[in-house]
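Structure first, then comments.
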Amino acid sequence: MELNKKSVDDINVKGKRVLCRCDFNVPLKDGKITDENRLVAALPTIKKLIADGGKVILCSHLGKVKTEEDKKTKTLAPVAKRLSELLGQEVKFAADPEVVGPNAKAAVAAMKDGDVVLLENTRFRPEETKNGEAFSKDLASLADVFVNDAFGTAHRSHCSNVGVAEELRKEGKPAVVGYLMQKEIDYLGKAVEDPVRPFVAILGGAKVADKLNVISNLLEKCDTLIIGGGMAYTFIKAQGYSVGKSLCDDSKIDYCKEMMEKAKKLGKKLLLPVDAVIVDDFPDPIDGDVDTEVVDVTAIPDGKEACDIGPKTAEMFANEVASAKTVVWNGPMGVFENPTLAAGTLKVAQALADSDATTIIGGGDSAAAVNQMGLGSKMSHISTGGGASLEFLEGKELPGIAAADEK
Ligand code: AMP
C-alpha cells in the first residue's frame, strides 16, 4: 500500500470549507459522554484547521443505527456540546435526520473562517455503510477539502471516509489525512515495512478466526511471533495435544500446522505457551471468583479451560520482548478482566513498558488492558483502531487510507 499520503500540513485551507471525518464514536450513558478520549485525540487536527482559517465541518458515526429509536439515543448533540467546551468556541450542531439537510446547509452557508459545525451521526443515513452515491454526493456538496482523521473506520469503505473523497476528487478537490491518521500510518507502516530489528509481534485475545489470518503476513515481517491468549490453543491442538474446553477453532488446525511449517522454513521464531492457568469453568461474571491451577500445555485435562498463560510462558514472552527493538501487540494473553487471570497479560504489558523498543498496541482489548494497568503512557503508540490495525498488519490496503491523495 502506498503510505506517503498528503496531510493537513500539505494544504492551504484558508477560507475553504473543510469536511473533517473524525472518530467521535464515544460511549454514552443517559446522554452523557463517559469516556472523552476520542474527542481529546481529535483536537490537534481540528485546532490546526481552525488556526489556518478553514471553515471546519466535522462529521462522524456514533454506534450502530438500526431502528428509529437508535436515532434518539445516538445523536451527536452531546459531542457538539462537549467539543465546544474543549475547543473554547462554539461548535454549531446541525441537527438534520438526513445529516446533510436544511440545518447543515444553512449552518455551512453562514460560516466564517475558523468557525466549526458538527453534522449529525453519519449512520443516520442508511447509505453510509454501503458507500452509496447519494450520501457521498451530499457530503461532497458541503466541502472544498476533505480531511480523514478516523483511523478506526479506515478498514471500511463508507460514504464519509471513501465515497466523499472520490466525489471530491472528480472535481479536482483534495482529500488528505489528519494528524491522528498520520500517526497511525507512521507507526504501523514503519513496523510493517521497515522495522528496527529484532521485531517481535505478539498476538492474543479471543477472536481466533479473525486473527489467524494475520499470522501469515506477520511471519514474513517479524523476527519472532508470540502467540498467547485464546489464540494459542488451536496451535497447541495442532501440535497433537488436547486442550480441554479451551478456545479452539478446529477448522483452522491445518492452517496452524502450515503456519508452524512456514515459520520453520523462514527461520522465524514462533513462540507458543508452555504452561497455562486453567479453570473448571469460564468465570461468570467475568471478574468473579475462580479457582485456578497451573499445568503444562501438554497436560490440559478434559473439561478444563485455559484462561491465562502460565508463569513459565509469561517469563519466556517477557524475555523475548526485553531483547526486541520493535514490538507490536494485539490481544490479551488471558482473561485479563478477571484479576486472577490477568497475570500473564500484566507481565507482558510490563515488559513492553520497561523496554526501550518502539512499542505499538493494536487497539481494542490490548489497549484497554494496558490502560487499565496504568501503563498506557509507557507505550510508543496505542492504536485507535482494533479492526483497522489488524487489517493493516495483515498487509491489506485500508480503503480509508487509500482514498487520500498521495504526496
Ligand atoms: P480480542 O477482542 O480478540 O482481542 O479478545 C479479547 C478477549 O479475549 C478478552 O475479553 C479476553 O478475556 C479474552 N481472552 C483472552 N485469552 C483468553 C482465553 N485463553 N480464553 C478465553 N478468552 C480469552
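We number each residue from 1, going along the chain as drawn.
Backbone N, Cα and C atoms are what each Cβ position is placed from, and that goes for glycine too.
Marked as substrate binding site by TrEMBL: Asp23, Phe24, Asn25, Arg38, His61, Leu62, Gly63, Lys64, Arg123, Arg156. If you look up TrEMBL, you'll see Arg38, Arg123, Arg156 marked as (2R)-3-phosphoglycerate binding site. Annotated ATP binding site per TrEMBL: Lys211, Glu337, Gly363, Gly364, Asp365, Ser366, in sequence order.
Positions of the features from TrEMBL, shown on the structure.
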{"residue": "Asp23", "record": "substrate binding site", "contacts (Cβ under 8 Å, 6+ apart)": "Arg38, Ala41, Ala42, Ser60, Asp149, Ala150, Phe151, Gly152, Thr153, Leu180, Thr384"}
{"residue": "His61", "record": "substrate binding site", "contacts (Cβ under 8 Å, 6+ apart)": "Asn25, Asn121, Thr122, Arg123, Glu128, Thr153, His158, Ser160"}
{"residue": "Gly63", "record": "substrate binding site", "contacts (Cβ under 8 Å, 6+ apart)": "Asn25, Asp70, Lys74, Asn121, Arg123"}
{"residue": "Arg156", "record": "(2R)-3-phosphoglycerate binding site", "contacts (Cβ under 8 Å, 6+ apart)": "Thr129, Val162, Pro399, Gly400"}
{"residue": "Lys211", "record": "ATP binding site", "contacts (Cβ under 8 Å, 6+ apart)": "Leu203, Gly205, Met231, Asn330, Gly331, Leu390"}
{"residue": "Gly363", "record": "ATP binding site", "contacts (Cβ under 8 Å, 6+ apart)": "Gly152, Asn330, Ile382, Ser383, Thr384, Gly385, Gly386, Gly387, Ala388, Ser389, Leu390"}
{"residue": "Gly364", "record": "ATP binding site", "contacts (Cβ under 8 Å, 6+ apart)": "Gly205, Asn330, Gly331, Gly386, Gly387"}
{"residue": "Asp365", "record": "ATP binding site", "contacts (Cβ under 8 Å, 6+ apart)": "Gly205, Gly331, Pro332, Phe336, Gly386"}
{"residue": "Ser366", "record": "ATP binding site", "contacts (Cβ under 8 Å, 6+ apart)": "Gly204, Gly205, Trp329, Asn330, Gly331, Pro332"}
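Proximity to ligand 1 at the level of Cβ atoms, with a cut-off under 6 angstroms, picks out Gly364, Asp365 from the binding-site residues Gly63, Arg123, Arg156, Gly364, Asp365. For the binding-site residues Asn25, Arg38, Arg123, the largest tally of other C-beta atoms within 10 A is found at Arg123. When Cβ atoms from all protein chains are considered, those within 10 Å of Glu337 (ATP binding site) total 17, not counting its own. Across the residues annotated as binding (2R)-3-phosphoglycerate (Arg38, Arg123, Arg156), the two Cα atoms farthest apart lie 19 Å from each other.
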